[in-house]
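Following: one structure in structure tokens, then a few remarks.
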Amino acid sequence: MAHTVKIYDTCIGCTQCVRACPTDVLEMVPWKGNNKAGMIAAAPRTEDCVGCKRCETACPTDFLSIRVYLGPETTRSMGLAY
């Protein structure tokens, strides 16, 4: 099931989220933003996202530069729907 994966410009380009993803949803791409790495995470294969949120857990920034937004079917099955 596909989930929405958002990467914010607070990404420091550390690659922790890319390495943590079990389904290779993420990859690093060149970026001319404000990080020393010159790279930022990108999510070109969100259709493979299983919603495990390992990428969020691996993110070392205080801002959670990467967020996975679970679809309604997943939140319902987890008992999280309102």
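One is the number of the first residue shown, and numbering goes on along the chain from there.
Glycine residues also receive a Cβ, built from the backbone N, Cα and C atoms like all the rest.
Binding of [4Fe-4S] cluster 1 is attributed by Swiss-Prot to Cys11, Cys14, Cys17, and within the candidate set Cys52, Cys59 the record adds Cys59 to that site. Averaged across the domain '4Fe-4S ferredoxin-type 1' (2-31), the predicted model reaches a pLDDT of 92. Minimal Cβ crowding within 10 Å, among the binding-site residues Cys52, Cys55, is found at Cys52.
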